[in-house]
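Here's what TrEMBL has on this protein:
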- A:6-79: domain 'Glycine transporter' (DOMAIN)
- A:92-165: domain 'Glycine transporter' (DOMAIN)
- A:6-24: transmembrane segment (TRANSMEM)
- A:31-52: transmembrane segment (TRANSMEM)
- A:58-79: transmembrane segment (TRANSMEM)
- A:91-110: transmembrane segment (TRANSMEM)
- A:116-137: transmembrane segment (TRANSMEM)
- A:149-167: transmembrane segment (TRANSMEM)
- A:173-196: transmembrane segment (TRANSMEM)
Amino acid sequence: MTLFNVLDILGIISFAISGSLVAMRKKLDPFGVFIIAFATSVGGGTLRDVLIGAQPVFWMKNTDIIFIIMGSYFFAVFFRRKLKYLNKSLFLFDTIGLGLYTIMGTEIGLNAGFHPVVVISIATMSASFGGVIRDILCNEVPVIFRKEIYATACVFGAMIYLLLHNLGFNETIVYVATSSVVITIRIIAVVFHLSLPTFYTKR
Amino acid sequence: MTLFNVLDILGIISFAISGSLVAMRKKLDPFGVFIIAFATSVGGGTLRDVLIGAQPVFWMKNTDIIFIIMGSYFFAVFFRRKLKYLNKSLFLFDTIGLGLYTIMGTEIGLNAGFHPVVVISIATMSASFGGVIRDILCNEVPVIFRKEIYATACVFGAMIYLLLHNLGFNETIVYVATSSVVITIRIIAVVFHLSLPTFYTKR
Amino acid sequence: MTLFNVLDILGIISFAISGSLVAMRKKLDPFGVFIIAFATSVGGGTLRDVLIGAQPVFWMKNTDIIFIIMGSYFFAVFFRRKLKYLNKSLFLFDTIGLGLYTIMGTEIGLNAGFHPVVVISIATMSASFGGVIRDILCNEVPVIFRKEIYATACVFGAMIYLLLHNLGFNETIVYVATSSVVITIRIIAVVFHLSLPTFYTKR
């Protein structure tokens, strides 16, 4: 089991829990909560696999993923009272998932031999699409369009990955740096309510 | 022409009519009604083909399907006054489609050699995704998230299929049992307003 | 560089500008505007490539496209005050994109050897899906369901393409005729508020 596998699994767990939390806040029934957990968790990677042509998509080839999602779902359901401060837990798991999926998306795009700009696009879509699907299905404003910087954090994370990778740093350093960049940008953005500058004149 | 082909065509017809009915209830123009009929009818199977990598998708390889959808569309349009009790007709056709697509999804997943859990996921998505697209395009709450049991019926149907198939029963029995299970669960759920138990404390 | 390449690039530019304009009208942040520009521009072609199985999708193989979209985005942002009559500019670029993408969709479907009915479906989806995604992400009623004839124009355009192609006319004539048909139908429809006849009795 490589470091990559471990991060992969942690990303799946984080997004599955974040999906379950949003769905329970919306008071969906047990099956609905599971569907949202599943879609949030595999949505970004499924889009990535379909666009690059790596079918059957990853979770059909590695069934462990489905059971990991089930486990995360039951964890979120049973500990929903402990996860009382839902908004904070949700933000935490969503942000960790975002960082880990940025790593995986970059890695897969790089291995497939794409141009750096395409690799960054793939990484950003892999990382942010699960949360977008979750929010569309739950009828919330997609995270990507909310005030605070979101997908932009993935773009910077993927750039750092490519930079360090080209400078010859080893895997562990690249992974730690990438996820730290994504998670830090996202936390700073939310804590200080940072958003991108706008084009529009304020009145 | 095998039993499988016959069921396939009946499923396409059922979902095309159900799509036309929802779209006419929304008073879309003739082309809009056709688009919804088309999306409802082929949506689930298209998602299935894209995820397992069986492209070009089925309706591009077998053009009869497009003409069958056109026929169903004209049927729904011309008999819209006879289908007066739209809600009941809609429920009927949607439920039949659900049962038949569960069979097809399971069969295709099984032939592709996937793990049983993946086969059940594929069957459930094939059967329920057409209705979900229909409802999103028509701006209704997706069937899958409405009160009564919906996708859960497909999960049970696909399980029964796998069970009987592994016990060596012949195709006809497996098909009849699967569609009966899906359709019966769905009818009972709607008639008795059955929904899954919820996690949330009632007040 | 062939005529086909030139039209392809013009189509990408038109839809990227139309996407930027809608997103700026919705006051999205700079990154949000870029995402919408990107999705509008490549959405239809991406759906087409995924459904026919031509992955990795076109913009992953030809990175110029990403830079062309970036350029169009900056153009739309810098000249947004000149494009003051946003509604008219938007309609113009959307309509040009519609005509050009109908040509490309028909060409690609034809080269892949599909049945004419499938070719027309592919052309219509390629041309209209970018605008549909744009409107769904921006929370507007999808163009395809608005009053005036929209996707129907693509259906007629693709039919004219196939007709003239089969009659042996050369590429340039086929291209000019197809885009003229689509653009003319769309302009007439909007100017005269033409919509398809409806099934429903007026009261």
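Including glycine, each Cβ sits where the backbone N, Cα and C put it.
All annotation found in TrEMBL is predicted automatically rather than curated by experts.
Beyond the transmembrane segment (A:91-110), the same-chain residues lying 6 or more positions past its ends with a Cβ under 8 Å from any Cβ of the stretch are 4, 7-8, 10-11, 14-15, 17-18, 21, 44-45, 48, 52, 54, 118-120, 122-128, 130-131, 143, 150, 153-154, 157-158, 161-162, 165, 175, 178-180, 182-183, 186-187, 190. Looking only at the domain 'Glycine transporter' (A:6-79), the predicted model's pLDDT averages out at 90.
DSSP states for the domain 'Glycine transporter' (A:92-165), grouped as helix (H, G, I), strand (E, B) and coil, give 60 helix, 0 strand, 14 coil. Applying DSSP to the domain 'Glycine transporter' (A:6-79) sorts its residues as follows: 62 helix, 0 strand, 12 coil.
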